[in-house]
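S.K.: Structure below; questions to follow.
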Ligand code: SAM
Ligand code: GLN
């Protein structure tokens, strides 16, 4: 019978063969999750022999990851931006780069001219990630969140309840059924060019297409959002967008009646747009 350590090594081997991008991390996470063990077990119980049912349970889960189901779907949750989010096929798996967007949102709410009790809107909330991250850090904010997808909103509501946070959820396209003004409008909209579908990583195919693609240059929805945002911002209010490094400058240049800054992500790529009127 394999020891815990041997089981992890076998999982790494299977994930490597399936070209999973981070085989070691994923193998450890899946083995611990399948066995209901904490991280320290990898040290304290490394040489313990695993029973055949335990081994079978681990390898069944590892095989699903080898089939390129996202790790977050298999674990059922993800820690993101200070909140724990349930993650499944109903909404996009929240990405690490979007944690920077959350930081930019919180920084904008913390400047000296930001109002007390700010009104904030997250457009295309998905799992609820950005809205919930903001509400956790700023309980004084009145946070609104919208999505066109009923399934995503259902998951976002579950996540709000799970974290004990209150956010006002609205179903609709962009600003439908919303009343301004908002001091901060933040969005990680679908922004990939339609042609990226063909080259998407297998994991990305488990994200809803509605969350990812937006016309030939990825800017169909972001352009509409910017056009409508002006009339929903309070005077001095801020619009924050995550975009693709290939199209963020294009949109920034189109926003001639805005004051726009393009900001980098953690890998230095031009990724975010911060705009005021
Ligand atoms: N905010 C989440 C995050 O950062 O993890 C999800 C972002 S995902 C890239 C984009 C979201 O926009 C999806 O949840 C999608 O359903 C939503 N969406 C797509 N079209 C929309 C529209 N016309 N109006 C509002 N939301 C839309
Ligand atoms: N960053 C995501 C990806 O590359 C795309 C998210 C989006 O379209 N907003 O899969």
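Just so you know, glycine gets a Cβ as well, placed from its N, Cα and C.
Sharing the features that TrEMBL gives for it:
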- 124, 125, 126, 127, 128, 147, 188: S-adenosyl-L-methionine binding site (BINDING)
- 188, 189, 190, 191: substrate binding site (BINDING)
- 7-76: domain 'Release factor glutamine methyltransferase N-terminal' (DOMAIN)
- 118-192: domain 'Methyltransferase small' (DOMAIN)
S.K.: If you count Cβ atoms within 10 Å of each one, which of the binding-site residues 124, 128 comes out on top?
M.R.: 128
S.K.: Report the same-chain neighbours of residue 147 (S-adenosyl-L-methionine binding site): residues 6+ apart in sequence with Cβ closer than 8 Å to its Cβ, ordered by sequence.
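M.R.: The answer is 91, 124, 125, 126, 153, 156, 169, 171.
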S.K.: Could you check which of the binding-site residues 124, 126, 128, 190 have their CB within less than 6 A of ligand 1?
M.R.: 124, 126, 190
S.K.: Under 6 Å from ligand 2 by Cβ, which binding-site residues from 125, 127, 128, 147?
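M.R.: Checking each Cβ against ligand 2, none of them comes under 6 Å.
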S.K.: So the record assigns 124, 125, 126, 127, 128, 147, 188 to S-adenosyl-L-methionine. If I measure every Cα pair among those residues, what is the longest distance in angstrom, as a whole number?
M.R.: 12
S.K.: Suppose the substrate site is 188, 189, 190, 191. Which further residues of the same chain have a Cβ inside 8 angstroms of that site's Cβ centroid?
M.R.: 124, 187, 192, 211, 212, 214, 218, 221, 222, 241, 242, 243
S.K.: Given the binding-site residues 125, 127, 188, and counting only Cβ atoms in the protein chains shown, which has the most within 10 Å of its Cβ?
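M.R.: Result of the Cβ crowding comparison: 125.
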S.K.: Sorry to bug you, but what's the C-alpha spacing from residue 127 (S-adenosyl-L-methionine binding site) to residue 191 (substrate binding site), rounded to the closest Å?
M.R.: 17
S.K.: Using DSSP, break the domain 'Methyltransferase small' (118-192) down into helix, strand and coil residues and give each count.
M.R.: 22 helix, 22 strand, 31 coil
S.K.: Would you mind splitting the domain 'Release factor glutamine methyltransferase N-terminal' (7-76) into helix, strand and coil residue counts from DSSP?
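M.R.: Split by secondary structure, the domain 'Release factor glutamine methyltransferase N-terminal' (7-76) comes out as 48 helix, 1 strand, 21 coil.
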S.K.: So what sits near residue 189 (substrate binding site) in its own chain, CB-to-CB under 8 Å and at least six residues off in sequence?
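M.R.: Non-local contacts for residue 189 (substrate binding site): 123, 124, 214, 221, 222, 225, 241, 242.
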S.K.: Around the S-adenosyl-L-methionine site recorded as 124, 125, 126, 127, 128, 147, 188, what other same-chain residues have a C-beta within 8 angstroms of the site's C-beta center?
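M.R.: Same chain, not in 124, 125, 126, 127, 128, 147, 188, Cβ within 8 Å: 91, 92, 122, 129, 130, 131, 145, 152, 156, 211.
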S.K.: Taking just the CA atoms, what is the gap between residue 127 (S-adenosyl-L-methionine binding site) and residue 190 (substrate binding site) in Å?
M.R.: 14
S.K.: Note the mean pLDDT of the domain 'Release factor glutamine methyltransferase N-terminal' (7-76), expressed as a whole number.
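M.R.: When the pLDDT values over the domain 'Release factor glutamine methyltransferase N-terminal' (7-76) are averaged, the result is 97.
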